[in-house]
Amino acid sequence: MRCRILVLCAFICLFVILAEARQRKVNHSADRRSLAVRSGHRNQRSGARHGARLAARSRNQRKRRLNAAKRSRRRRNLARKSNRKIKAKTESVVGSSYATLPLDFQQNFVRTTDNLRSEKAFLANRYGFSFAKTSGTATLKNTANMEYTCKMNIGTPKQKFTVLPDTGSSNIWVPGPHCRSKACKKHKQYHPAKSSTYVKNGKSFAITYGSGSVAGVLAKDTVRIAGLAVTNQTFAMTTKEPGTTFVTSNFDGILGLGYRSIAVDNVKTLVENMCSEDVITSCKFAICMKGGGSSARGGALIFGSSNTSAYSGSHSYTYTPVTKKGYWQFTLQDIYVGGTKVSGSVQAIVDSGTSLITAPTAIYKKINKVIGCSATSSGECWMKCSKKIPDFAFVIAGKKFVVKGNKMKLKVRTNRGKTVCISAVSEVPDEPVILGDAFIRHFCTEFDLANNRIGFAATTYAT
């Protein structure tokens, strides 16, 4: 009996053990399924988040590409508009090794007697001679109203200036920030603190004009003209512009285009730097002047090329050597007025900084006799504007360069408001003959530094 009881207990225990094992197996399987479900949910959420991030990144990339494309289109459109504006406004042309800069012409310009006398004082100081004394005590003003100007930029970013292109001097100067003269206050001033490319020099600078010395200090900066840039170009910032010389001028400063030998402080000239820095491949520049009446476009200043066909047509250049490096000086072989020879060989200078032509006393008197004008004690010869005078012929390198007689008269308004005419030729005591705008306006003039020569070609437009 006891044995049966023991066997029964053993079976009960075995049954309990097997039941518990089965339950553990069921629970373990359920746990694995729950874990898999939770893991799947986590993976699904993670994948969803990753997909969302990828989609957002893709959207941002597309947006950036679209914005970049819009900015690029906007820049191109602005560039095209800017180019159209520049072309319409200035007609500038820039090549790989040359550039053309338009000259502006003062519309309907009629000089006054004060203009005339002050311009003569300007020339007298430049070349070291004196004109005949003026009668009376006229106030000299508006000396520098020389009609033709061009645009120039200095610094980074650009500071824009209107300058007088002057082959009769060799320095660049513009009003400086510390100039308190009336002339400076009426014109644009250079501010070195606003330029990231400004380099201090500090050396003093002075040029004497009719009513005093223009004083200042030298500086270096990037100078841009006609689309060409010259780095570390030395120029002057004026600190004093006394008198009335530049108060009413239609330009801010001077762009000197003469030889370095006449530069104040022996400053290297702009064109010289263009050549040494390979900004231009042909070491030359040319001036073609035009204008008159209501025309505001006054021709062009061309750097690095003598292709002036737009102004001189098919006319070829006649060259003559520079006889003295400093001013653009050469031998003028003869001068004729009508059929009368009034001068043999004389030295002459091409000076774009003045509107006048000057002649030594002996030549001046012969010219006046032929044209029949009335000489004054101030060195001018007056006539009625209706008077017809013969053509002038200037013989250079064996070729005659003819200026029509009516173009050798200049209109002048007297202090009483009356308009009269004078001969374009004014009297000086001796050589050289100065050929200013009254001559240059009819001939494109090339200034060749590489070969030290000057070239002349007749223009094809009405002047």
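Cβ coordinates are placed from backbone N, Cα and C, and glycine is handled just like the others.
As recorded in TrEMBL, the features of this protein are as follows:
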type     : residues      : note
ACT_SITE : ASP166        : active site
ACT_SITE : ASP351        : active site
COMPBIAS : 39-52         : compositional bias 'Basic residues'
COMPBIAS : 59-87         : compositional bias 'Basic residues'
DISULFID : CYS179-CYS184 : disulfide bond
DISULFID : CYS385-CYS421 : disulfide bond
DOMAIN   : 148-457       : domain 'Peptidase A1'
REGION   : 29-90         : region 'Disordered'
SIGNAL   : 1-21          : signal peptide
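Candidate active-site residues: ASP166, ASP351. Fewest other C-beta atoms within 10 angstroms, ASP166. Residue environment of CYS179 (disulfide bond) contains 22 other Cβ atoms, counted within 10 Å of its Cβ in all protein chains. Within the group of disulfide-bonded residues (CYS184, CYS385, CYS421), the Cβ with the highest number of other Cβ atoms inside 10 Å belongs to CYS184. Counting only the Cα atoms, the space from CYS421 (disulfide bond) to ASP351 (active site) is about 22 angstrom. Ranking the recorded positions ASP166, ASP351, CYS385 by Cα distance from CYS179 (disulfide bond) puts ASP166 first. Residue pair ASP351 (active site) / ASP166 (active site) shows a Cα separation of 7 Å. With respect to their backbone Cα atoms, ASP166 (active site) and CYS184 (disulfide bond) stand 19 Å from each other. The CA atom of CYS385 (disulfide bond) is located 37 Å away from the CA atom of CYS184 (disulfide bond).
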